[in-house]
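Please read the structure below before turning to the comments.
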Amino acid sequence: MADDIDIEAMLEAPYKKDENKLSSANGHEERSKKRKKSKSRSRSHERKRSKSKERKRSRDRERKKSKSRERKRSRSKERRRSRSRSRDRRFRGRYRSPYSGPKFNSAIRGKIGLPHSIKLSRRRSRSKSPFRKDKSPVREPIDNLTPEERDARTVFCMQLAARIRPRDLEEFFSTVGKVRDVRMISDRNSRRSKGIAYVEFVDVSSVPLAIGLTGQRVLGVPIIVQASQAEKNRAAAMANNLQKGSAGPMRLYVGSLHFNITEDMLRGIFEPFGRIESIQLMMDSETGRSKGYGFITFSDSECAKKALEQLNGFELAGRPMKVGHVTERTDASSASSFLDSDELERTGIDLGTTGRLQLMARLAEGTGLQIPPAAQQALQMSGSLAFGAVADLQTRLSQQTEASALAAAASVQPLATQCFQLSNMFNPQTEEEVGWDTEIKDDVIEECNKHGGVIHIYVDKNSAQGNVYVKCPSIAAAIAAVNALHGRWFAGKMITAAYVPLPTYHNLFPDSMTATQLLVPSRR
């Protein structure tokens, strides 16, 4: 059995060697495969490790960057906090809080800080910094002046253009003085200008200069300027005739009006005193022009009394306005009872010769004025007058009226212009020195240069009145020069200054039309 086994082993030995070789080869291959696998695994592990390392590095970099950013932010916050703390310290050092209560604990206060009310009080208690500019001074109200003082600084303007604005009037009157206030009178329903206004100046001296601008064109329309302060007539007789304590409407008579005055102008003048119910301006049916008188009805009698006191004698368009109470009666005027009749209240009044006489007498009462002697004789007659007497009386009254009109026209001064004439400056018969006209010319130039200058001057050596003609660069300069020279004494004579219309001056001296340069005295 053992031999059999050995023989079989011997027979199977070469096959076993081949199998061992194959197995060894297979084992070697398996080992190489394992090695290759392990190598590939190690390589993949290495790759994974490198990737993870790179990821870790990138994460670390990002963390470092974020940390650096946070550090920068924290540093900037700390810097800001330190700056704000330093500012607060400076602020607290400069401005102490008025709060004197107990201090707040940091544990209690935390991040809230002081209460809001204390912050407000601290803000309110700030004192002015020395580097801060002071506020502009508060303008004083114009009401610190009395009404009389304001009236003395105010002028009344009429005949204004429909499209005029307060700014236009302010610019126009600023040539004669500083304007404080401009008040346009407008219709309360349509809000349109009534063509009248009140202009108040800062200085009283500007009022006469502004009145001298009458006739100058503003937006193409010649303006009329009058003083606004009425000539107050507080006579005892007129005051006693008014019905004291009466309530309700009151009617006033308004006379001696210019023919160009309209109802809107009267409303603008009388309406500031109170509400007006009606205005009736009597018109001529033939010519269509105003008869120069009318009636105004106030809703309140007290307003009518104030208007009567303030506006009686008020100069309007060169005429003193007459204001009277329609229903007043006097003991000596029984003949004028028809003026107060109910028929008059309903239909108005149509004055004839007798009516005019009675009206003149009534208006003269309490004013100190005297009516013509012929009118007094007519009023003393009993009820009626013969036709011939009336005609004779009317003729004499018309003559006296014409004479008074001529006298008034002679006394009216011409409108202010750039040109004026000085009289009594020299006597040509006594002047013998060489160049005496040049000396007078230099004297006038020196004096006018104080008020705005001269652009043209002419000494009329052959004038018996000693005339010197002057043209100024502006109307305001001419007004100032005329006011300064008129009435002064020169060489033993009183100087007389009078305005000369601009076209007349240019006709006399054509070279003055192009003169624009201010003159200086020839002597040095």
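Including glycine, each Cβ sits where the backbone N, Cα and C put it.
As annotated by Swiss-Prot, N-acetylalanine applies to Ala2, with the evidence given as similarity to another entry.
For 14-32 (among others), the entry in Swiss-Prot reads compositional bias 'Basic and acidic residues'.
According to Swiss-Prot, the feature compositional bias 'Basic residues' maps to 33-56 (among others).
Residues or ranges marked as compositional bias 'Basic residues' by Swiss-Prot: 64-95 (among others).
The phosphotyrosine annotation in Swiss-Prot covers Tyr95, and the record cites similarity to another entry as its basis.
Sequence annotations record features per position, and here Swiss-Prot assigns phosphoserine to Ser97 (among others) based on similarity to another entry.
What Swiss-Prot records for Ser100 (among others) is phosphoserine, and it gives similarity to another entry as the kind of evidence.
According to Swiss-Prot, the phosphoserine annotation covers Ser117 (among others).
According to Swiss-Prot, the feature compositional bias 'Basic residues' maps to 119-130 (among others).
As annotated by Swiss-Prot, phosphoserine applies to Ser121 (among others).
According to Swiss-Prot, the feature compositional bias 'Basic and acidic residues' maps to 131-146 (among others).
Taken from Swiss-Prot, the feature phosphoserine covers Ser136 (among others), and the record attributes it to similarity to another entry.
All chains included, 9 other C-beta atoms sit within 10 angstroms of the C-beta of Thr146 (phosphothreonine). Look at Swiss-Prot and you will find Thr146 tagged as phosphothreonine, backed by similarity to another entry.
The domain 'RRM 1' annotation in Swiss-Prot covers 153-230.
Feature annotation from Swiss-Prot assigns domain 'RRM 2' to 250-328; the stated evidence is sequence analysis. Secondary structure of the domain 'RRM 2' (250-328) per DSSP, as helix, strand and coil residue counts: 22 helix, 31 strand, 26 coil.
Among the features that Swiss-Prot reports, region 'Activating domain' is placed at 291-355. In the predicted model, residues of the region 'Activating domain' (291-355) average a pLDDT of 68.
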